[in-house]
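Quick look at what TrEMBL lists:
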TRANSMEM  45-67  transmembrane segment
DOMAIN    45-430  domain 'Amino acid transporter transmembrane'
TRANSMEM  73-96  transmembrane segment
TRANSMEM  132-151  transmembrane segment
TRANSMEM  163-182  transmembrane segment
TRANSMEM  194-214  transmembrane segment
TRANSMEM  234-254  transmembrane segment
TRANSMEM  266-290  transmembrane segment
TRANSMEM  310-328  transmembrane segment
TRANSMEM  349-366  transmembrane segment
TRANSMEM  372-394  transmembrane segment
TRANSMEM  415-436  transmembrane segment
Amino acid sequence: MSLNKDYKCTYNSLVADNCSDTQQLTSTSRSTSIEDAPVHEIRGLSLVSASVFIVGAMAGAGVLALPKAIANTGWAGIALIVVTCFVTASFCVYLAKSWMLVEEIWPECRNSIRDPFPTIGEKAVGKWMKNVCAATMDVQLFGTAIVFLLLSAELTHNIVRPYFDITFCDFIVIIGVILCPLTWLKSPHHFWPVAYGAMACTAISCVLIVAVIVMQSPEKIEMATHSIPTFNSFLLGFSTMLFAFGGICALPTFQNDMKNKQQFPVAVIIGFLILLIIYYPLAVGGFLVYGDKVDDNVLNTTQNGTITTIVNVLMDFHLFCAFLIVVNPLNQDLEQRFGIDHFFTWKRITLRTLTVITILFFGTSVPRFGKILNLVGSSTVAVQTFVMPPWFYLKLCNYDAPNFKKIRISMKLKLYFGIVLVLGSIGGILSTYSSLLDLFDPDAFTLPCYMIKGKIDN
């Protein structure tokens, strides 16, 4: 077996890659400390690279929809974005700490793990929770991939529409075919330039969009109206914000690919600060200048010729990159379930190709990215963000194992966990209900692409 010169592994990285396959731990293995456990040194992601991957995975479709999210939530949305960012970041940090506790209590979990997020759930709560985590993760990543594919097709259609007679639905298929071979790559550290490219494109795009908003503000801001949000619109706006900061289930995969996993909480903080810096000016500016008239995709509202075209190209590239980043953990989990080798084989190609085909089918069946975005944000993202991280962390801190000293949790932290868990759960349930009503609203229903080919014009 040949190894890439940039990745040095000891024998332990070649053994079974899922610690959850271990039937029973002996007291000796449990009492082994992290320092004594066999180490496989991997030249993986650095602190900066991990932060960039976080931004690359989360930014994109969400940032273009945030002005509409504030319009749906009203003036309170200006503060709600910051609160959502803070709460999500804090729970991402505790999820990262949960993975470090898993490695401390079960040293064999330091080997290469394909499904770290479900593994955390299994070790904290039980095997049934592993299945729940895997299901919510797969649904969330699958839905996010659909959103990225649809928005990418919309942006590409906007770019080439003046020159070629290719429909929006055609581009959904074309882009899916182009991206399919790229999904065959193994794991994030094999395509780290993708994450850097995604973040750079998003940052530049946001600067350009804000510039357009500022230029149009003298003309548009006087005509802008800001209606009082309805209960339903507020929930839809909250769903969009959750999606914009969603993707928490993919973060343990990035942490597992780091050179120093202990640094991942810092990477989370850096990543979310970058996200807030990118999101906030565009979201608030778009709301103030365009008001209720802002579109789900703010680029459809700006309509500023050359600059908008440049932003379309940049965001299109970002969505290409983000699609690859979010679909990879989904593929790795499916491979784990079907027992496919952790190497490049025809089975991997077949499964990952079928994944893209399934994404294409659902994308062409519901060709409106905003509706899927809201549904994903309100359902799976809410559960992964507000319920699972605090629950897992509390359970692991109180885990009973030889030579593991239980971690005392302060009453303030428990209170914080409890308040956010209750409010977030209620908000998620209500938002999911509103998203489903919006998805099946007969007045806004869109037929699938394969039933009215060429008729959908975004």
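Cβ from N, Cα, C; glycine included.
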The recorded stretch from 45-67, 194-214, 266-290, 349-366 sharing the largest number of CB pairs under 8 A with the transmembrane segment (310-328) is 194-214
Residue list, the transmembrane segment (194-214) vs rest of chain: Cβ under 8 Å, 6 or more residues beyond ends.
-> 49, 52-53, 55-57, 59-60, 63, 188, 274, 278-279, 281-282, 285-286, 289-290, 298-299, 302, 304, 307-308, 310-311, 314-315, 317-318, 321-322, 324-325
Residues outside the transmembrane segment (234-254) whose C-beta sits under 8 Å from one of its C-beta atoms, at least 6 past its ends, are 45, 50, 53-54, 57-58, 61-63, 65-66, 68-74, 77, 80-81, 84-85, 88-89, 91-92, 95-96, 99, 116-117, 120, 133, 136-137, 140-141, 144, 147, 187-188, 264, 267-268, 272, 275, 279, 325-326, 328-329, 332, 373-378, 381-382, 384-385, 389, 427-428, 430-435, 438
The answer for the transmembrane segment (415-436), taking Cβ pairs under 8 Å and residues 6+ beyond its ends, is 87, 91, 232, 235-236, 238-239, 242, 371, 374-375, 377-379, 382-383, 385-387, 390-391, 394
Determine which residues of the chain contact the transmembrane segment (73-96) at the Cβ level, with the cut-off under 8 Å and only residues 6 or more beyond its ends counted.
-> 66, 120, 226-229, 233-234, 237-238, 241-242, 244-246, 248, 251-252, 255, 264-265, 268-269, 272, 275-276, 279-280, 283-284, 287, 385-386, 388-390, 392-393, 420, 424
Can you say which of 45-67, 163-182, 372-394 has the most Cβ pairs under 8 Å with the transmembrane segment (132-151)?
-> 372-394
Hey, which bits of the same chain come close to the transmembrane segment (372-394), Cβ under 8 Å, at least six residues off its ends?
-> 61-62, 65, 87-88, 91-92, 94-95, 97-98, 101, 120-121, 124-125, 133, 136-137, 139-140, 143-144, 146-147, 150, 235-236, 238-249, 366, 409, 414, 417, 420-421, 423-425, 427-429, 431-432, 434-436, 438-439
